[in-house]
Amino acid sequence: DDPYNPYKYSDDNPYYNYYXXXERPRPGSRYRPGYGTGYFQYGLPDLVPDPYYIQASTYVQKMSMYNLRCAAEENCLASTAYRADVRDYDHRVLLRFPQRVKNQGTSDFLPSRPRYSWEWHSCHQHYHSMDEFSHYDLLDASTQRRVAEGHKASFCLEDTSCDYGYHRRFACTAHTQGLSPGCYDTYNADIDCQWIDITDVKPGNYILKVSVNPSYLVPESDYSNNVVRCEIRYTGHHAYASGCTISPY
């Protein structure tokens, strides 16, 4: 996979494997450790979720089942949402939060599933290349027991943005999914399934636990920075997040 190969250019993603002539490394120049070097090619990715991004934009929202049809198809709701007596005008209470994951490793993070098995989601009109990119759980603050039915979030992996000096190479398409070193995959809180269904949760103090690559399906150089834990105070109408930190468990 040569990033300078012009035949890899894609109209679906003009940034894929594309470098402007002015930004392309000059022959004979000193390369930093990165793409195209032995250090990079034999390295490993390292995913790190952003705790401050989650803390800044966590909130509670009520939505009708009518507006949650796509999410219901992707099993993003608690089991009580699938009872036979649930109607379109019934509401669910959702704890929404964003997620931004950086690959700070030295190699691409590539989907665990081969391309031919990526799953097409007709509601959202894109392919999901991983069934378990993230786990979302809500735990009791004192007992650490799970109080809400968190779900396994499948993702469409792409380079949403990159640090200065790095370039986007992957997009949410049928053939270019992944996360490059120095780049971020970002999901805002208003996207479907960026939530935990807390309809059946009582007001109280909880822990929001967000894990990336939770089943270690993709090898990484460091698994100890894959979890964010946040303190959540839920009043029954509002949620307040604080103390979000990277956690080893």
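Backbone N, Cα and C atoms are what each Cβ position is placed from, and that goes for glycine too.
Taken from Swiss-Prot, the feature Cu cation binding site covers His124, His126, His128. The disulfide bond annotation in Swiss-Prot covers Cys70-Cys76, Cys123-Cys172, Cys156-Cys162, Cys183-Cys193, Cys230-Cys244. Look at Swiss-Prot and you will find Tyr19 tagged as sulfotyrosine. The annotation 2',4',5'-topaquinone is assigned in Swiss-Prot to Tyr187 on the grounds of similarity to another entry. Residues or ranges marked as region 'Lysyl-oxidase like' by Swiss-Prot: 45-249.
In this model, the region 'Lysyl-oxidase like' (45-249) carries an average pLDDT of 90.
Within 10 Å (C-alpha to C-alpha) of Cys156 (disulfide bond) lie the following disulfide-bonded residues from Cys172, Cys193, Cys230: Cys172. All protein chains considered, the CB of Cys244 (disulfide bond) has 23 other CB atoms within 10 Å. Here the CA atom of Cys193 (disulfide bond) lies 6 Å from the CA atom of Cys76 (disulfide bond).
Of all the disulfide-bonded residues given, namely Cys70, Cys162, Cys172, Cys230, those whose Cα is no farther than the 10 Å limit from the Cα of Cys183 (disulfide bond) are Cys162. Sequence-distant neighbours of Cys162 (disulfide bond) (same chain, six or more apart, CB under 8 Å from its CB) are Arg168, Ser180, Gly182, Cys183, Tyr184, listed in sequence order. The CA atom of Cys193 (disulfide bond) is located 9 Å away from the CA atom of Cys70 (disulfide bond).
With respect to Tyr187 (2',4',5'-topaquinone), the closest of these disulfide-bonded residues in Cα terms is Cys172, chosen from Cys70, Cys172, Cys230.
Over all protein chains present, the Cβ of Cys70 (disulfide bond) has 14 other Cβ atoms lying within 10 Å. Each residue contributes its Cα atom, and for Cys70 (disulfide bond) and Cys244 (disulfide bond) these two points are 30 Å apart. Distance noted between the C-alpha atoms of Cys172 (disulfide bond) and Cys244 (disulfide bond) is 28 Å. Annotation for Cys230 (disulfide bond): same-chain Cβ neighbours under 8 Å, separated by at least 6 residues, are Pro51, Ile54, Gln55, Thr58, Ile207, Leu208, Val210, Ala241, Ser242, Gly243, Cys244, Thr245.
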